[in-house]
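Student: The structure follows.
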Amino acid sequence: MQFTGRRRKLTVHPQNELYGHCLQLYGQPPLENISLSEFETFAVERLKLLKTVENLGVSFVKMSEQYSKKLHAEISGLNFPFRPESLFVDREYEKRRKDHISHFILRLAYCQTEDLRRWFIQQEMDLFRHRFTDLLPKYKTEFLHRNNLKYDTMSLEEKKKLSDQLINSSYGLSGATIVEQDFYKVPFQDALDLVRTRKVFLQGGYAYIPHQDIVTIVLNDFRTRLSKALAVSRLSSFLSQLFRFVLCCSHAYVGQDYSIQKNIGKVSLEQIDALSAKSFPLCMRQLHKALRDSHHLRHGGRMQYGLFLKGIGLTLEQALQFWRSEFIRGKVDADKFDKAYAYSIRHMFGKEGKRTDYTPYSCMKVILSNPPSQGDYHGCPFRHSDPELLKQKLQSYKLSPSGIIQILDLVKGMHYQLACQKYFELTHNIEDAGFSLNHPNQYFMESQKLLSGGKDIKKEVEMPQKVQENAAANGASVQPQPNTTQAEEEMGDLDSYFLDE
């Protein structure tokens, strides 16, 4: 794959062999030129799709109606191919091209460790299963032939001869349906999953598989190919800068950038106590309570909570007033606060030092970086708290016993963001949150929308001038942009101003 500063305009014949089907086994790597900006966009959107596949697989029964409906909506929303269109138009070609290239980009990101490879293979397999299962029979057969999976089909005479055995070994089949649908004669070693669960008829070293179950065979082939390809990718050398980029994809935050304060000035200091109880995620609710109780937070807590408050709309003046009023109730007098802490708060808002507009922490950053030690209150309670202490905390917030069990089961499975999403649903008394949680500020915004009937926070203000200028320059309204990095170097610089004495 080659990279250029500008994307080369492609003129492709509609019947291009590589993208002749909406689904592929990704056997041939892309060879065309691609711009770095398109490379990043494809990587981010593929990652969003795979993370949605993971979350839906935990929240719903795989291949259930709800699971399929939500995954289909995500595939369509991210402009990936799903079902073959009646005419092979340019738009469909671009979808298939994006699917192909983005898969190979993430191979580079997820080939480095066993855990990453295992995660990538599982999500790609679940995505493939969903897309293949939804194909019409003729497109399934076409896919098999295009990929040299040409298993012999049983003749009508064979089906009639073995009809009783086929009916007894296959779920939901009758004599009429056996005659109507295809059965494949597959070497039994290629169908071990079906053999293990006794779903097929065996005879003479062959498994006789109904058409609807052929997905199991295809998935086994897909998994084998992908496992080998990831092993090869791991041994390949690559450009160092590009290599660092794809490595960071595995932990990238791909949601809205909350450094853009569209709610600036909409939250008053008097509202924070009430908001913490009804609209703060558990990590921020815990930090707020600790600050109110001890009138102090160590630097990890100040970083995490301070940037969150900035993201929900506190102005610099409000932030200075908030932290000063709380700290002087403890062991810090006003003079010491101005000397030791005020500069770091102004720095956080981009008014000192390099004048960088720092971004509130995403869930992934809270979970993976700077774990709390004794006396700290930052981090993710679902990740860093003892399960028994977490249970007691949830009980103190009057959550139902069954809801607490669901949260603890998700925590046990290391699905910390889904545990937080379940906490959202329980505290807001809803069945389905309707979004995938990736950021504490997203939790706050979704809570406010829900509590206000789908409306934003009521107080209206003008957009910051910088945002207005960007929107005008683009000729469109401001849209949330993917934020694939957390500016680690810049955050490290800010950390130095928060060190405790």
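Each residue, glycine too, has its Cβ placed from N, Cα and C.
OK, TrEMBL features for this one:
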- 274-444: domain 'DNA primase large subunit C-terminal' (DOMAIN)
- Cys283, Cys363, Cys380, Cys420: [4Fe-4S] cluster binding site (BINDING)
- 470-501: region 'Disordered' (REGION)
- 476-486: compositional bias 'Polar residues' (COMPBIAS)
- 487-501: compositional bias 'Acidic residues' (COMPBIAS)
Student: So for Cys420 ([4Fe-4S] cluster binding site), how many other CB atoms are inside 10 Å of its CB?
Tutor: 26
Student: Of all the binding-site residues given, Cys283, Cys363, Cys380, which has the fewest Cβ neighbours within 10 Å once its own Cβ is left out?
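Tutor: Minimum Cβ neighbour count within 10 Å, taken over the binding-site residues Cys283, Cys363, Cys380, occurs at Cys363.
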Student: Mean pLDDT over the domain 'DNA primase large subunit C-terminal' (274-444): what is the value?
Tutor: 92
Student: For the recorded [4Fe-4S] cluster site formed by Cys283, Cys363, Cys380, Cys420, which further same-chain residues have Cβ atoms within 8 Å of the site's Cβ center?
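Tutor: These residues sit around the [4Fe-4S] cluster site: Pro281, Leu282, Val366, Ile367, Pro381, Phe382, Arg383, Tyr416, Gln417, Pro440.
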